[in-house]
Amino acid sequence: MQVTTRTMNKSKHIALVAHDNCKQDLLRWVKEFEDKLEDHTLYATGTTGHLLSKETGLKINCMISGPMGGDQQLGALISESKIDMMIFFWDPLNAVPHDPDVKALLRISAVWNVPVATNRASAKFMITSPLLAEEISIEIPDYEAYLAERIG
């Protein structure tokens with residue numbers, strides 16, 4: 001697949017997602033890095049976003065709840081280059097009814113080269129990276145070239 005580049009601004013668009021058993025862990029992480037997160041535009045699936053906003057006061061753009069389509073909404077934003085990175089604390093020990101949506105969200109993140117942290121350690125690496133406060137370019141699929149190849 002051909003690639004092109006897109007620029008992430010200094011202020012990032014960050015998605016925050018957590019399975020039910022991980023919501024408190026994500027909340028603790030958000031509180032720990034609240035000072036860094038407030039400089040960015042935040043998105044979250046519904047239940048997670050409302051919990052984080054209520055407990056921290058951070059402005060969060062809430063989708064609907066993940067099992068009701070919120071994972072799909074975030075995936076759409078990713079495919080439109082409107083999400084720069086995602087913090088997704090998922091529960092590897094318990095299956096969820098909307099597992100296909102979760103897999104789709106992780107797949108679309110990989111397709112569009114969106115960095116994803118899946119636990120406190122990887123999230124800490126991402127949020128403390130000097131790149132967080134820099135304008136950077138990343139490679140993404142060249143959709144126009146992809147479409148041209150498909151339709152000739």
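Yeah, the Cβs are placed from backbone N, Cα and C, and that goes for glycine too.
Per Swiss-Prot, active site, proton donor/acceptor is recorded for Asp71, and the stated evidence type is sequence analysis. The substrate binding site annotation in Swiss-Prot covers His19, Lys23, Thr45, Gly46, Thr47, Thr48, Ser65, Gly66, His98. Look at Swiss-Prot and you will find 6-152 tagged as domain 'MGS-like'.
Positions of Swiss-Prot features highlighted on the structure.
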| residue | record | contacts (Cβ under 8 Å, 6+ apart) |
| --- | --- | --- |
| His19 | substrate binding site | Phe89, Trp90, Asp91, Asn94, Val96 |
| Thr45 | substrate binding site | Val17, Cys62, Met63, Ile64, Ser65, Gly66, Gly70, Asp71, Gln73, Leu74 |
| Thr47 | substrate binding site | Asp20, Lys23, Ser65, Gly66 |
| His98 | substrate binding site | Gly66, Pro67, Asp71 |
Averaged pLDDT, computed only over the residues in the domain 'MGS-like' (6-152): 96
Substrate site span - longest C-alpha distance across His19, Lys23, Thr45, Gly46, Thr47, Thr48, Ser65, Gly66, His98, in Å: 16
Residue distribution over DSSP helix, strand and coil in the domain 'MGS-like' (6-152): 75 helix, 29 strand, 43 coil
Shell of the substrate site beyond His19, Lys23, Thr45, Gly46, Thr47, Thr48, Ser65, Gly66, His98, same chain only (C-beta within 8 angstroms of their C-beta centre): Val17, Ala18, Asp20, Ala44, Pro67, Gly70, Asp71
Count of other CB atoms lying within 10 Å of the CB belonging to the residue listed as 'active site, proton donor/acceptor': 27
